[in-house]
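Visitor: Take a look at the following structure, please.
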Amino acid sequence: MNLAKEYNIPFIRHVEPNGTFSKEVIDFAGIKVKPKEDHQSVDVLIIKYLAKEGKLFAKEKIMHSYPHCYRCETPLLYYALPSWFVNIQKVKNDLLKNAKSINWIPSHLKEGRFKNTMENAPDWTISRNRYWASPLPIWISDSHKIMFVNSIEDLKSKTKKSGNRYFVMRHGQAENNIKGGIHHKNFEYGARLTEKGKEQTLESSKNFKEKIDVVISSTLKRARETAQIACEQINFPLEKIIYDEHAREWETSSFFDGKERVIFDEYYDKNYLDNPTEVLPDGESFAQLIKRMGQFIYELESKYSNKNILIFGHGSATDALSFVVEGLSLDSLLTKNDPFNPLKNAEIREFNFVPLPHNENYELDLHRPYIDAITLVDESGEEYRRIPEVFDCWFESGSMPFAQDHYPFENLDWKKKNFPAGFVAEYIAQTRTWFYYTHVISSILFNKAPFKNVVTTGTILAEDGQKMSKSKNNFPDPSILFDKYGVDALRFYLMSCPLMKGEDINFLEKAVQDVSNKIINRLNNVLLFYGLYRDVSLEATSFKPRASSNILDSWILSRLDELISEVTDGMNEYDISLIARPIELFIEDLSTWYLRRSRDRIKSSSAEGYEKTKDGENAKKTLYYVLKNLSKVMAPFTPFISEDIWLKLRNEADEESVHLTSWPKKKFKVFSFNKPKVLKNMETVRSLVTLGLEARQKAGIKVRQPLNKLEIIAEKLSDEYLEIIKDELNIKNIEYILKIKIGIQKVNLDVDISPELKEEGDYRELVRAVQDIRKKMGLTPSDIVVLIIETGDEGKKLIRKFETELLKVVLASKIEFKQNEGEYIKIDNLVFKINLNKI
């Protein structure tokens, strides 16, 4: 093409739109280029022709790609067409400059794929030769002058018109306006004008100074009377009044005829705006009234030219006429609070009618074929007709950031507040399409990027790495996934994997199951436990983090503060990968460390047999506070379980939904403790506990068996932390071998078991056995039992030694030693038969 331009070689389009060779291809004119029955038959004819003419340079078979229809696989033809372009080369520097302000996730797209797309971009072909799309607002005259249209108002100003002026007068006050009845089903029965209505008509007519050429009136009595009185005043011959059925009032239904207006209004409010297409019994819908009035005004427009036309009509009919004149849609009846400006009795108003592109219902419709029927004229009277092309759909979607709320024609403040967008999230392939085209349009119109942050996602592939396909059925049914694991689990899995950084993933159902177990189910279990021992009266008081002196409360509040900080930072950076892991770790800490270690504290302020303590109440308040704030943090990522937690815990003063709450803020300033130190110390505690458990496992000693001493090499910890280690490892004493500030922690476990320690270990095994029996019986934490035990003297001796504590722990009112048919329990050399009787 460039060579042809350089040497002025004319461009010849050798294929016609019907797929045949054009007349310029003399020896093959009219022949199909790619016959459907034999795609290569014409190729053979051409080769034979070239050989015969001695012009065949060479002949060989070459394998190459060729475009085919993606549905029927028919070979396609490239057809050269004139097109409209956006001159990208002219604005390319602006594109590159404005793109520097965009933050990309992943970051390599900024200087990589997106920048390369802009640097190598050709001019943008924005026209398409199709039927269904937004038409290009370009009109051309026979002398090849071009006219552009930039709005509906601009279209109205340039549209060829008849020169008619339309004046509409509503009838004066009639009997039905006074009595509140509906009277317009037939002429003879129709309501007449009142004396006041006649006076109104006279007054309006006297003040009307326009010369009228044509008068058209509704056939109903009140309109006829108004027309006759008015025409006498403006000196228009009564015999020339045209009475037209089109101008009649809304034919609602014989059901309303003669009835009170209030009955019609009740029906009107319920059905008219909400459902304008509903056809009333033996009447017409409001949409049909609009169509009638549309036919009426357009017939007048085609019949007359350069005339002043006065129309006498009715309230609802003139509303419908204004609908057509204004170019409204039926949807506007639902979206606008007051779509009409009704005429008062005897009011005269000019309707500035301009023929608009409209569909069969006389709604404004700027698409083909309606827009193609509109002829424009310039100041000299030269006519222009629209070109047949439509917009590339990317041009429309690329205008979305500002056009979605009808900018620049209204809502200018909306654009100031919402453009450019804070962020967009889309599939990574949009880098070369929607992201690019949106950026082009925004840069040309506003010289700025359309968005500040872009989050791109990769492709979800089947488990084996192949493309997911319905035909292959190589993906799990989403509805079954939702039923098995919940929507939140699938959502969190996808948001926590590399997909959110523009990378492809092989979908693993096992990963969704893991999220369900480790996050959703764990969190549900925490909520369920809190519900068992819930005290609503404690929730009514404002939470004060300083109130609790328990290091576990201080620690979980510090962890919550840390979580809020991490998630907030990730959100501010639009990097979802920085968010998922902290949430998962926090839920693990909440469930497996805080709640497990606080169970007895929470129970102590609820169950009978336990003495209520301030420490237990603080534990409940802390857990309540943590759960509510955790639901806020998780709401954008797991909206359903977050809402469930919120609804179960909210009080009357709280917002109706967690999704209506404010984002939680860090509370570091309200803590009375050193948050970083608490977190570091608890990390040390958990590390020492892990080492201690490993030492127990290596020695083959269960945790229920108390041991005398643990020696440690670690940072210095206060007693409250050491007590946690003792309790976790079931150790009586902890001694420092060496106190260090930093370095490798070590433990040494004293594995000698004295008779006293052995006895205590047996007692703990007994407690576990009784608790297992309670669980098998399905008892609740509030159920009190009588503990019935059959055992020997040594067993009784063990029980009597720990009787008080045993009764308290297993929620028993008393112990009875007697024969029973209960569960057989063997602890070392001790044998027990245990039964529980629920009181």
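Using N, Cα and C of the backbone, Cβ positions are placed for all residues, glycine too.
Per TrEMBL, domain 'Aminoacyl-tRNA synthetase class Ia' is recorded for 77-163, 365-503. Among the features that TrEMBL reports, substrate binding site is placed at ARG170, HIS171, GLY172, GLN173, ALA174, GLU175, ASN176, ASN177, ARG222. Summarising the annotation, TrEMBL assigns domain 'Methionyl/Valyl/Leucyl/Isoleucyl-tRNA synthetase anticodon-binding' to 553-708.
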Visitor: Could you name the residues, excluding ARG170, HIS171, GLY172, GLN173, ALA174, GLU175, ASN176, ASN177, ARG222, of the same chain that surround the substrate site, i.e. Cβ within 8 Å of the Cβ centre of those residues, in sequence order?
Guide: ALA191, LEU193, THR194, GLY197, THR226, ASN345
Visitor: I'd like the Cβ neighbour count for ARG170 (substrate binding site), meaning other Cβ atoms within 10 Å of its Cβ, all protein chains included.
Guide: 26
Visitor: Specify the secondary structure state of ALA174 (substrate binding site) as given by DSSP, simplified to three classes.
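Guide: Looking at the DSSP assignment, ALA174 (substrate binding site) belongs to a strand.
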Visitor: For a quick check of understanding: given the listed substrate-binding residues ARG170, HIS171, GLY172, GLN173, ALA174, GLU175, ASN176, ASN177, ARG222, what is the maximum Cα-Cα distance in angstrom, as an integer?
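Guide: Greatest Cα separation within the listed binding residues comes to 14 Å.
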Visitor: For the domain 'Aminoacyl-tRNA synthetase class Ia' (77-163), report the average pLDDT of the model, please.
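Guide: Mean pLDDT across the domain 'Aminoacyl-tRNA synthetase class Ia' (77-163) comes out at 94.
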Visitor: Need the DSSP three-state call for ARG222 (substrate binding site) to compare against my parser.
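Guide: In the DSSP reduction, ARG222 (substrate binding site) maps to helix.
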Visitor: Can you tell me how the residues of the domain 'Aminoacyl-tRNA synthetase class Ia' (77-163) break down into helix, strand and coil by DSSP?
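Guide: The breakdown for the domain 'Aminoacyl-tRNA synthetase class Ia' (77-163) reads 30 helix, 18 strand, 39 coil.
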Visitor: If you run through the domain 'Aminoacyl-tRNA synthetase class Ia' (365-503) with DSSP, how many residues end up as helix, strand and coil?
Guide: 60 helix, 25 strand, 54 coil
Visitor: For ASN176 (substrate binding site), just count the other CB atoms lying within 10 A of its CB, please.
Guide: 19
